[in-house]
Amino acid sequence: MGRLSVLIRQSVRLVWASGRGLFVGLLVLQVAAALALAGQVLSVQAVLTAILDLEEGTGATASLWTPVLLLAGLTAVTSIIGAVQGHMQRMLGELVARSMWDQVLDVSTGVGLGNFESPDFFNRLQRVQSNALSRPFQVTQGLISMGGALAASIGVGAALVSISPLLLPLLLIGGLPVLLTSRRESRLEFDFSVAQTPVLRMRQYLTLVQTGRDEAKEIRAFHLADWLHGRFDTAYATYLGALGTHLRRRATLSAIGNLGSAIVLVLTLAALVWLILDGQVTVAGAGAAIVAIRMLASQVQALFAGVQRIFESGLFLEDLEGFLRLAEPAKEDSRGPEAPTGFAVVSADKVHFTYPGSDQPAVRGATVELRAGEVVAIVGENGSGKTTLAKIVAGLYEPDEGAVRWDGTDIRAWSLASVRSRIAVIFQDFVRYALSAEDNIAIGDVTRPLDPDRMRTSARAAGADGAIESLPDGYATPLSRLFAGGRDLSGGQWQRVAIARGYYRDAPFVILDEPSAALDPRAEYDLFASLRHTLEGRTALFISHRFSTVRSADRIYVMEAGSVVEHGTHDELMAAGGQYSELFKLQAAAYLNADQT
Ligand SMILES: Nc1ncnc2c1ncn2[C@@H]1O[C@H](COP(=O)(O)OP(=O)(O)OP(=O)(O)O)[C@@H](O)[C@H]1O
């Protein structure tokens, strides 16, 4: 009972916050329906008494009409209430779902990036999306049907007590077996859901692969359709096998519970027969009692079904609450004083970082420094830790050791949200939003109204203007074939849109993570050469694994296996004859050979 009252309190809070008007309205209707049901029992008794009086010749036909009309009226009222309630419940369910979605999306967009490295997080997210979000609606229904069944049980119970007080306790006991088995059933359901989440996610992933636009060409080119279908079928078969076992267990439990209730109902009816034979109940009373017992049995069943729904949803709601708590550290991000609007020096000071679940550090004691207005480059081979270091400098990952400092102050001293607002990052794997070209650029800064001039200047600076202006609707063209009138861009054109997005953001510090990977060598050279002019004094960190691109940087850091192994200007590094000069010559030779062939 303790657990039930906690769950009911939680659920009421949830429903109350989402749609209190509808909730109260539904409860009022439930009480009205309960009164109408009790009225029906009493009307049946009155109808039967009038019929018996007529037969015995002691009553008049006219006295039959009033209870019959009353019974008809009450029956109509009950069914109308039922119909209206259905629609109101649907609306309330949607309101509850919306407020839950709001909270879930707050978590998914607010939690630390580290969560997205963990399959556990995705399993929880999946459970929350496919289960926990529908559960609040179930709880709402459970609460309302409980409230209604309780009111109806009291009403019909009172009517029954007026006929014979013995029958009521017997009927109430009838609900107990179902209640006892329902707790066990709810645990089974939750455990099943937890166990099946990874299989379900794999199935959904296989569906996405087989329906995705990007994957479509590779599936055809590699003849993957049958192979992927096979994997999908196997995943489905595993799930169906487990579902069969699970449903058999649940069916056995509910059969036991319902059998228990049915036995109690038979005992109640037997007691009624005994009361009639003993002369303690009149024939009219017995008729009404049978109606009342039927009504009450179904109400008691509804009451316990409501309790069962709440119990069953309870475990999922706890899961949901645990998930929502993940956002608490994210709220911390916007606490603390605002970061200064600029800096003289940004440094990463002996930073170490290991990805969650990984045993190898991705960055080991790396130190870099950027002075205001400088264009600094990080180079290194694939997997050397460049992107990870950039994410640490951007305040997206917190270093395990060491610190990122602005003019000597650890950025953790300020609100992380404000630090991030001073930085524009163009990611290697930037997002291609299925929105207009204009939105794709202006998304770089959504804190102020769209500035068309700035947007066009940014597009021009990134060299994206030509491609966009030749689209059917220019900047208003959706950059996706998913939507009517949409067009797609080439990889290089998309990359320029992403660069324009970074330029559009009015931030003193710009981080470009391999922004030229999809550009041809001339475009890449032009991009870097024009960077200083485009950024107009802003500080830039440029990441590349093409050494020739960044030779004019103010300073170049060379990374290898997570550490900075060399740094200096191009000339200094070439003169040092270390790894930079070796890799630079290797890449240059590869280009020369390519030119000669
Ligand atoms: N999300 C992740 N989870 C676990 N390990 C990761 C993750 N991302 C990168 N790593 C590992 O961290 C190391 C550094 O990766 P990082 O992406 O920083 O290198 P990079 O120098 O930017 O490489 P590239 O030039 O290929 O982009 C690699 O060994 C990589 O396997």
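For all residues, glycine too, the Cβ spot is worked out from N, Cα and C.
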Segment assigned the feature transmembrane segment in TrEMBL (from 143-160, 287-304): 143-160
Which range of 166-182, 574-590 is transmembrane segment, per TrEMBL: 166-182
Per Cβ pairs under 8 Å, the stretch of 21-42, 62-84, 143-160, 255-277 packing most closely against the transmembrane segment (166-182): 255-277
Long-range neighbours of the transmembrane segment (255-277), counting only residues six or more past its ends (CB under 8 A): 164, 166-167, 170-171, 173-182, 283, 286, 289-290, 293, 297, 301
Confidence summary for the domain 'ABC transporter' (346-586), mean pLDDT rounded: 89
